[in-house]
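Feature list (source: TrEMBL):
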{"type": "TRANSMEM", "residues": "58-76", "note": "transmembrane segment"}
{"type": "DOMAIN", "residues": "67-333", "note": "domain 'Sugar phosphate transporter'"}
{"type": "TRANSMEM", "residues": "88-109", "note": "transmembrane segment"}
{"type": "TRANSMEM", "residues": "130-151", "note": "transmembrane segment"}
{"type": "TRANSMEM", "residues": "189-208", "note": "transmembrane segment"}
{"type": "TRANSMEM", "residues": "214-234", "note": "transmembrane segment"}
{"type": "TRANSMEM", "residues": "246-266", "note": "transmembrane segment"}
{"type": "TRANSMEM", "residues": "278-302", "note": "transmembrane segment"}
{"type": "TRANSMEM", "residues": "323-341", "note": "transmembrane segment"}
Amino acid sequence: MDSTLKFKVTDAQSHRDKELVGVGALAMASEKNQKLPVSDPLLSDETHKKASAITTKGAQAAISYMLTAVLLVLFNKAALSSYNFPCVNVITLFQTLCSCSFLYAMKLWKIISFTTDELQNTTKNPATLVPFRTLVHTLPLALSYLLYMLVSMESVRGISVPMYTTLRRTTVAFTMIVEYVLTGKKHSPSIVACVGIILLGAFVAGARDLSFDAYAYAVVFIANICTAVYLASIAHIGKSSGLNTFGLMWCNGIICAPILLFWTSIRGDLQVTLNFPYLFFPGFQVVILLSCILAFLINYCVFLNTTLNSALTQTICGNLKDLLTIGLGWVLFGGLPFDFISPSQ
């Protein structure tokens, strides 16, 4: 009797242990199912909205660049051609000094930061806002920016605005080549074909230019090469420096400003500027001031657009804004002599 009762109790315990094991296995299976990557509609919608927001931000940066670039070309053309201001380097110096002043004021008021981790540096000394090692790291970017600015300003002088924008369209080809040399980046055959169409259109547009100037054309092509190197340097150095857009602009400014000041001094450009007859003319001062403000804005848009998108996208945006630039330039400054029928003489 006792053995029978003991057997029943043991059997009941064994049955209960099996149930517990079954429940444990079911719980483990449920936990594994919860860890599996299932398709959650709410999660998918949130991810889609996030991706859409990033795309929207990139598009806004591209559009802002195009609008700012159109205005900057027109104001630079007004200063160099309408007022016949002879010192391109001085305009670049003014733009650089204004950019540094804007950045320092916004950093001092804690409106912006210079690093990607959003840490605010409390120092007020301009020389220590960015570590010296970081400045050395961004030196190639600053030098390419300086060369890009100087050559681009010079390229506007001796050529009409429509022809200038036409030749600048070839920058996209130089950008693809420089990107491949610096980063090894390759583009799809469809993108290469689109670039070929752009180059063909630029050739057709410029083949009948009756105001051909070999020097002006050469300067524009040099500007294209400098632009490609500058944009590729943003993508290559900017991402590894730990600086955000404002930090990169600051490094460019404090490196380039002393070089420009020294260069304009030894060339006598500062003295020529002081003797310029329209220096205190209100119209000329307004043009220079707006040119400096637009230069600051376009530098920010270039860094932002290149960082959010790519160097090639930035170059394509430069081509897209050319349509408006050509139209306004033709109306405000006069177009190039062009003949549809008879061959050029």
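Using the three backbone atoms N, Cα and C, a Cβ is placed for every residue, glycine included.
Against the transmembrane segment (278-302), the recorded stretches 88-109, 130-151, 189-208, 214-234 differ in Cβ pairs under 8 Å, and the greatest number is found for 88-109.
For the transmembrane segment (88-109), the most Cβ-contacting stretch among 58-76, 130-151, 214-234, 246-266 is 246-266 (pairs under 8 Å).
Annotation: stretch 130-151 has the most Cβ pairs under 8 Å to the transmembrane segment (214-234), among 58-76, 130-151, 246-266.
Distant neighbours of the transmembrane segment (130-151): 88-89, 92, 95-96, 114, 219, 222-223, 226-227, 229-230, 233-234, 237-238, 240-243, 247-248, 250-252, 254-256, 259-260; these residues of the same chain sit at least 6 beyond its ends, with a Cβ under 8 Å from one of its Cβ atoms. For the domain 'Sugar phosphate transporter' (67-333), the mean pLDDT of the prediction comes to 81.
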